[in-house]
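Database features, via TrEMBL:
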- A:12-30: transmembrane segment (TRANSMEM)
- A:42-61: transmembrane segment (TRANSMEM)
- A:138-429: domain 'NADH:quinone oxidoreductase/Mrp antiporter transmembrane' (DOMAIN)
- A:172-195: transmembrane segment (TRANSMEM)
- A:215-234: transmembrane segment (TRANSMEM)
- A:246-268: transmembrane segment (TRANSMEM)
- A:288-306: transmembrane segment (TRANSMEM)
- A:313-335: transmembrane segment (TRANSMEM)
- A:341-362: transmembrane segment (TRANSMEM)
- A:420-441: transmembrane segment (TRANSMEM)
- A:449-469: region 'Disordered' (REGION)
- A:479-498: transmembrane segment (TRANSMEM)
- A:538-561: transmembrane segment (TRANSMEM)
- A:595-614: transmembrane segment (TRANSMEM)
Amino acid sequence: MVPSADPAATHLAPLAFTVPIIVACLLLALGRRLPRWAVDGLATTTAAAVAGIDVLLLMAARDGRVVTWAGGWTPVDGTTVGIALVADPLGVGAALIAAILMLCALVFSWRYFDSAEAHLHALMLLFLAGMTGFVLTGDLFNMFVFFELMGAVAYALTGFKIEDPTSVHGALSFGVVNSLGAYLTLCGIGILYARTGELGLAQLAVALRGNPPEALLVTAFVLVLTGWLVKAAMVPFHFWTADAEAVAPTPVCLLFSGIMVALGVYGTFRVYHVVFAPVLPAPGVQCLFLVFGAVTAVVGAVMCFAQRHLKRLLAYSTIAHVGLFLLAFGTLDAAGTEGGALYVAGHAGIKSALFLMSGVILNRYGSVDEIDLHGRGRHAVLLPWLMPLAGLALAGLPPFGLGMGKAVAEEAVATAGGWWAVAVFVLVSAATGGAVIRAALRIYRGTGRAPEASPPGTEETSGTDEEAEVSGLLQRVPLTMLVPIVVLLLGALALGVVPGVSEAFHAAASRFTDGAGYVARTLGAPAPLPAPTAPSGWTLSGVALSLLSSAMALAFALAALHHDRLPATLRAAARPVAPVLRGVRALHSGHVGDYVAWLFVGVAVLGAFLAAGAL
Amino acid sequence: MTLYVYLVAGWLLLVGSLGIVRSRDLVHTVVCLSVAQSGTYVLLIAVGYQRGATAPVFGSTTPPSENVVDPVVQAMTLTDIVVSATVTALLLALVIQIAKRHGTLDPDHLSSLKG
């Protein structure tokens, strides 16, 4: 047995999710008797404490992994009956992002929910506990349990504005589709347990070592992945995302979009690298994620550009970016994982800041409809500059961290054989950034034609009926709303300019892709270090491509705003796109039965794809 | 016999899902979700079942040498049932609120979120 580097560090991992659960219970019990400031203070302090624990854990896990066996049931000669928590740098990093975003969301909601009782804070802390547990556990069934905790709390948070008709509708679709995905995952876990008698990720890997990729294992892999990929909003499992994120309270959207969907991607690749990498041949899996990632990115980007409801626009842009995450992580090597992880971190900062801005817009102007708000924000001071800047950063503007992640990921994807995927990266990030810039220019500068009354019965959701989340509209933006926005943007900037970030992410990515090392370290054998590869930060081509996508984003935005002034040939070329777009939009019907049917289509296609590659 | 149990589990999962797809009433949708989940209970219990074995509670009537069914899957099933109770209650609460706000329970008539 190899002792952990620092015995004190092994106590940190359980604290990271038990502390928020205990405080959440206290808040539920005492919330009615406490004044609002005490509830806010307690919840915010707890989120800060979890962030602190995550930082300590990250320092301890820097040189490897911190393994904690619940109840001290450590393995003897490589066999164990215990349940482990395994903290590796990438997992703890994800937990840290979740804690920081939670901190920002809670500070933002000090003024945001005038009427909120302690329920909101308790639910938010439980949500944080679910997300933290999901990334720290080293046991497949516990992953499912934390996934369900995260899920059930998320449905409740989505439907938090219980008086709002769209809110309860979105929450129900989210709940049904996600629960069904989770049950398919549980079936996969059941099949794996039947085959091996194990539930721990490391123990499963040992039991499956040397197995041929038989049909039963492919089925189990597809089923386990389904739940994670529903959470990750991969096409065709993505339908719930826009419905839920459009209607959830803004601080909740920030967490959904900034980190929750990325955790789905995390779960997928954690299970692959540790358990299935030796069983399923890599080329088939790579091909799978290249195809599904590209389709997700394109569908998300097209739907994003077509929206007028600001929060739906951001939700579809998240789907587009999830596609890009899948492309990056789907290379299955350290370079691609490094790019993907940087991209996730940079995206968390920018997208969360954008969601908070949409919350500010909702509470100042009483609407999140881009057309309806035309020119309404002309007198605002700071946001007319911050929002287009965030749009450019979303498209990859250097030196923001998102741009660096995009550059590293593009290079890795090109090396892995998908040169065309670089074009997908550039176009998709330009389209999502362009949509944000378009909305910002329209709202804050009144660019483009003033709106006409839209014809009734159109197949789109407008954002005019969205209920403000404060009593009465705000006259000016309070500091508690502005500071989180600025902090998030600065954080995303710091990722791209602080030296050593790329090296740290590369080290974390090499640990994440080294499944054999994970297994050895968890079961107490000496883990050989993965062969060092060179980290890649900003490169000349990366900067050039990022500048290109930012410029294209600006061009897309201006073209959309001044489409009546475009040359006739360009407008004629765009005409055949309209019916295709109408078709894609019609598929997003808001009907929960349709969404479930698509879920099964997705499972069947995933299975067929993997079976063709593996059997 | 063994195959039959797994077929039942698969059938429950699929028929529940089909029920959601074809549902005309949201209460029916939520109940169908529970039916689909029952498939997972059957699967898990079947995985740990042994012929001629007894319940995994050792004591005066069951010495440790006796064959018992696998307690791990039973614990998993219990967890699963707890999840089911929570999720079903939550979704039914949302359905009540949908009925109040939209005045209908037919998913075909809910048109607040499109495109």
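Heads up, the Cβ atoms here are built off N, Cα and C, so glycines get one too.
Remember, TrEMBL labels are computer predictions, not curated facts.
Taking residue pairs at least 6 apart in sequence, the transmembrane segment (A:246-268) and the transmembrane segment (A:288-306) share fewer than three C-beta contacts under 8 angstroms. Residues 39, 42-43, 46-47, 49-50, 53-54, 56-57, 60, 66, 68, 70, 85, 87, 95, 118-119, 121-123, 125-126, 128-130, 132-133, 136, 146 of the same chain lie 6 or more positions beyond the ends of the transmembrane segment (A:12-30) yet place their CB under 8 Å from a CB of it. Residues 100, 104-105, 107-108, 110-112, 342, 345-346, 348-350, 352-353, 356-357, 359-360, 382, 386, 389-390, 393, 398-404, 538 of the same chain, all 6+ positions outside the transmembrane segment (A:479-498), place their C-beta atoms under 8 angstroms from a C-beta of that stretch.
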